[in-house]
Amino acid sequence: MNTYRTLSRISQPFSQPLARLYLQRAPASSFFTSTRLRNQTHNPDPQPSTPKEPQTHFGFRDVPESLKEKMVGQVFANVASKYDVMNDFMSGGVHRLWKDHFIRSMAPGPGTKLLDVAGGTGDIALRFLDYCHRIHGDATAQVQIVDINSSMLEVGRVRFSRTAYTDTDQVSFLVQNAEHLDDVPSDSVDVYTIAFGIRNCTHVDRVLREAHRVLRKGGRFMCLEFGKVENPVVEKIYSLYSFEVIPTIGQLVANDRDSYQYLVESIRKFPPQSVFADMIRDAGFTTVGRGWEDLTFGVAAVHSGFKL
């Protein structure tokens, strides 16, 4: 009993203040203030969001549209000096046959004025002039080579400096974006070509509209580009070669695996032939038949449309 009274006396000084603290009611205003603070902490007022920049693809990566042009430019600056050699390695030389067929399909006549876009190395342009000279004995055909990348155009200038066309008015060079051909007048060219370049453009629809603008009435748009393979056996072999062999060749020959990995991925991201043909028609072109011809099981395709 004494022990109980002793414990009671000891605990009393502590229990009374605690009881008073427990029973004391906080003012209503402090309750709502604290509640408001908690709500602000856990549910902050939404802040105005800045519009998200439109995204596009760079290979298999999603990147802001404003960055793609710069990133693609860096790729082609890296590969420019080895570009034609790498094309031989990557395609076993078949790209040369595709390009020869591309020019034969064009069948340019004497005095044809060609605008070759994304044509920096001059590969298509030289074939065009050689065809006109060989078939027609023509020295009046002209080609303007346009590329956004000055490194690629420099390769073309060097190539033409070794030909009979150097220092003539048959060939000229222009650094310009395919989406904004500001220095090319409307209705000024007979044929517009773009070979293995349109898939690297940020806005393909804008490129096609510019092509339509600069062509004369009756002029022809022609595009040589990689396509989609329908045959499942060929597609499997092609995929294995694309993703395993080509980047490795890029590393061995050009010491640049990443750039060639991007080029392979960009092929896969490009629309299939039927979809691209619809885009060409949407830009105002008239196509003959389905609008394209498959080459090598559809590994590449020649697309064509006329401005009527």
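Including glycine, each Cβ sits where the backbone N, Cα and C put it.
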Candidate sharing the S-adenosyl-L-methionine site with D147, N177, A178 (per TrEMBL), from T112, T121, T163, T166: T121
Binding-site residues listed as T121, N177, least Cβ neighbours within 10 Å: N177
Proximal but sequence-remote residues of the same chain as D147 (S-adenosyl-L-methionine binding site) (Cβ under 8 Å, at least 6 apart): V117, A118, G119, G120, L153, G156, F173, L174, V175, Q176
